[in-house]
Amino acid sequence: MSTAASQGGEKPALRKPVFTKVDQLKPVTSGHTLTVKVVSAAPVPARARPGSPAVASFRAPRIVECLVGDETGTIVFTARNDQVELMKPNATVILRNAKIDMFKGSMRLAVDKWGRIEATEPASFTVKEDNNLSLVEYELVNWVVEKNLAPPGTSEKKRKKKKKRNIMAGENDHEDEEPSVEAAFAGQPPPPWWRQITARSVVVSMAVAPLFTLISMRLGLTAGIVPSFAMSASLVSFFAIGSWARLLGRCGVATQPFTRQENIVVQTCISACTTLSVYGGFTSFLPAMTETVAKSIGETGAENDALHPWKVMTFLFLTSFSSLFCNLPLTKIMIVDYKLMYPTGSAIAGIINSFHTPKGAATAKLQVRALVQTLIGSFTWASFQWFYTGGDGCGFQDFPIFGLYAYRQRFYFDFSPSLVGVGMICPYLINFSLLFGAVISSGIMWPLLQKKQGEWFTDPSRSSFRGINGYKVPMGVSLVLGDSLFQLCSVSIKAARHLWKQNQNRQQGSTLSNGDGGGSSCDDEAEEQSSSYDDRRRNQIFQGDYIPMHFALAGYAIFGTISTIFVPRVFPQIRYQHVALCYALAPLLAFCNAYAAGLTDWSLGTIYGKLAIFIFGAWVGKAAGGEIAGLVACGVVVVVIGNSAELMQDFRTGYLTLTSPISMFASQVIGTTLGCLVNPLIFAGFQKIVGKEHLGEAGTPYAAPMAVAFRGIASLSVEGIKTLPKHSIQLCMVCFFLAICVDCVTALANARKWRVRGCIPNVMAMTIPFFLGPTFAIDMSLGSLILILWRRADKQAATMLSVVVASGLICGDGLWALPSAFLSTFKVQPPICMKFLSSYQTDQMQQHFIPDSTTRR
């Protein structure tokens, strides 16, 4: 019958289209007809090809990523050219003969030339936005790729040939492709920059930033090591603003939705404030100017500074804001063009992106609960310990767990939750390097040198440079300088090689573009597809709100000039030409440091500062106050270079979360202003509570080890080596070259991927016990041991909760400093003294304080 009909010239009857629902779509299928509503539409910016003529941009296709759906789910639809006019938000369309394309493992709906898009009446259904099919990841499984799954008789040559064809066709393994992050936020366009900075975000920043600053400064003054609190800050800000929004919602008050961009603003404000506690010098070069630290290294007759709060605050305001402008012109080059990773900033972005998804919000609740529980436990334990500290050497802090002889060498566990928490955050290698350095110095070297008293040195004082301290501090400084010199050369070479490769790749790409005459529309379309959807969205936001270069250059010039004029008035030991030279060299050094931090996540700001101490201290000389001048020059260099590198991490975080660069810069200004006010006040509080005469004193809880190291470098820069005891220079040279040798072995092991590369100690970490002693290294090693055992027992829980548990331990112990300060202010003393004595001391106590039984009768 059909044959007859065709011979008679009649056309076959058209089939009635079968409409499909979104949730029925499957990968790599076609012929779908469905009615959908457009939820949102995001244009994809066209990428200019290097070296192509300007006319090529007119031939580039218009591409819009649309989120469409019906009552069963949603999916991303790729509209091209004329299709864009029909795919407007809230429009209802019929897609005929649509197909499913796979893009980086996820489904994309498209209509090619064999299909059609029709506008229709508005649909009555409500789009189910919580079922986004484009978020489901698929993995390509091909039997010819797996050798064991190949059918019998298939030769190896055919397998390789088939696999090569699959790769050339773009069917690569999914393991090398990253899942889309921005697809989860396809229906949530980022708010403009002025709506990302809200009143509640500023209030939360002002409430939380002083707490983290207090904890950071306390750790720096006690242990000399300050971990990153960026993750904890992002978690606390997420919990605080989220709770705020939910509370107002229950009260019936309309409030602005809490976005990840606002979360980033709060985290950036807190980080900018907390970073100044380290790079602002409150744990290093500022205490090094005091008389207490000078006496700790045995220096007498040198010029010192009292560090009044107004002086410190003025110095911070003069130097900190120039750091905001120093690397600002380089943000696009570093992040978009060179695609530097900035690992810490990328990790924080990943955490905050996950917080603002349904699954991530549930995880955040568990993390907040763990944080609160450990914080309460740590605070309770700190308050419990206080009751047993009613005298010198009393309490759990002086528990001789390894015996009294080891206790006299400062090998004991002081039950500090904050140090255990720091050990859980720091890498294993750092903690065990600290322990190794403690064993080498306090366990072996210092007892051997002490036996040489009377032969190599005669001064019995433990703080004099003419006594045993003339070996401890210079040997530690030599290790620091050797490691700093190697790291500076290594990172500079690595950055130069990476930059050279980037330029070579750009030149090759430009040559290829010029060779094909600028390319065709098909080439531009293929290039768009090779760039991921996430990168296109991020580049669009980041470059759309880019801060002009002339604004950054003018800002740096203005603040640099103001600082050059007024810093010598705050610290008269340094001259105008010294400060001007620091600001002239700072942009070049800041570029090198920011580039190195983007590659290795390691900021070398303090290393540049130590070199500045040597240069400017020797330039000014001892008679004119060279120690203070060198430390002030160090401060200018460290604040500008170190702080600018940390702020570049924040820009990377903002780039990965679609946060406007303008709002990032504004939040950095807010956080820096807050830090310039809060940090000097907290430092003055420590001076008041601990006592100026004890802050930086050797053997006390607040020994400020990094300040001792900085002061030792300043002293050597102006006095030379004539004051050191016998054989000290030879031992310093051995330490200097030993540090370089260990770093060379470490670099070689990492390059060759030796198995022992994780067992070679870190020189900088190994040096800290030379100044501080071994006590804190035992606590931090215990933190690493706890984390190792936890991961063996439950790796998933340890990965998710270890950082927040450690942060709770640190925050709880740090919070106890506030009520402890109030008790000390009102002269409230602990009621009990728990102390451990030797057998001889015990007999003396029984003889003088315990009545004899016969006497009582």
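Backbone N, Cα and C atoms are what each Cβ position is placed from, and that goes for glycine too.
Helix first, then strand, then coil: DSSP counts for the domain 'Single-stranded DNA binding protein Ssb-like OB fold' (25-119) stand at 10 helix, 52 strand, 33 coil. Annotation source TrEMBL lists domain 'Single-stranded DNA binding protein Ssb-like OB fold' at 25-119.
Under the heading region 'Disordered', TrEMBL lists 152-187 (among others).
As annotated by TrEMBL, compositional bias 'Basic residues' applies to 157-166.
Panel annotation: around the transmembrane segment (225-248), residues 200-201, 204-205, 207-208, 212, 215-216, 219, 254-258, 262-263, 266-267, 270-271, 274, 277-278, 283, 344, 347-348, 351-352, 355, 364, 367-368, 371, 422, 425-426, 430, 649, 765, 768, 780, 803-804, 807, 810-811 of the same chain, lying at least six beyond its termini, place a Cβ under 8 Å from a Cβ of the stretch. According to TrEMBL, the feature transmembrane segment maps to 225-248 (among others).
Among the features that TrEMBL reports, transmembrane segment is placed at 269-290 (among others).
For 310-330 (among others), the entry in TrEMBL reads transmembrane segment.
Positions annotated as transmembrane segment by TrEMBL: 428-449 (among others).
The feature region 'Disordered' is assigned by TrEMBL to 506-534 (among others).
Positions annotated as transmembrane segment by TrEMBL: 546-567 (among others).
The feature transmembrane segment is assigned by TrEMBL to 579-596 (among others).
Sequence annotations record features per position, and here TrEMBL assigns transmembrane segment to 602-621 (among others). Same-chain neighbours of the transmembrane segment (602-621): 279, 284-285, 480-481, 484, 487-488, 491, 573-575, 578, 582, 589, 592-593, 596, 627, 629-638, 641-643, 645-646, 710, 713-714, 717-718, counting only residues six or more beyond its ends whose CB sits under 8 Å from a CB of the stretch.
Residues of the same chain lying 6 or more positions beyond the ends of the transmembrane segment (628-645) and with a Cβ under 8 Å from any Cβ of it are 275-276, 278-281, 284-286, 288-289, 303-305, 315-316, 319-320, 322-324, 326-327, 563, 567, 571, 573-575, 578-579, 582-583, 585-586, 589-590, 593-594, 597, 603, 605-606, 608-610, 612-620, 710-711, 713-714, 717-718. The transmembrane segment annotation in TrEMBL covers 628-645 (among others).
As annotated by TrEMBL, transmembrane segment applies to 665-686 (among others). Same-chain neighbours of the transmembrane segment (665-686): 193, 197, 201-202, 205-206, 209-210, 213-214, 217-218, 221, 264-266, 268-277, 280, 282, 286, 307, 309, 312-313, 316-317, 320-321, 323-324, 328, 547, 647, 650, 695, 702, 821, counting only residues six or more beyond its ends whose CB sits under 8 Å from a CB of the stretch.
What TrEMBL lists as transmembrane segment is 731-751 (among others). Non-local neighbours of the transmembrane segment (731-751) in the same chain are 471, 474-483, 485-487, 490, 757, 760-763; each lies 6+ residues outside the stretch with a CB under 8 Å from one of its CB atoms.
Residues or ranges marked as transmembrane segment in TrEMBL: 763-790 (among others).
Here TrEMBL flags 797-818 (among others) as transmembrane segment.
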Seg_contact(the transmembrane segment (546-567), the transmembrane segment (310-330)) with at least 3 CB pairs under 8 angstroms, min sep 6: yes
Contact check, the transmembrane segment (763-790) vs the transmembrane segment (269-290), 3+ Cβ pairs under 8 Å, seq sep 6+: no
Within the predicted model, mean pLDDT of the domain 'Single-stranded DNA binding protein Ssb-like OB fold' (25-119): 81
Outside the transmembrane segment (310-330), six or more residues from its ends: residues with CB under 8 Å to it: 276, 280, 286, 547, 549, 551-553, 555-556, 559-560, 562-563, 566-567, 570-571, 583, 586-587, 590-591, 594, 635-636, 639-641, 643-645, 647-648, 665, 668-669, 672, 675-677, 679-680, 683
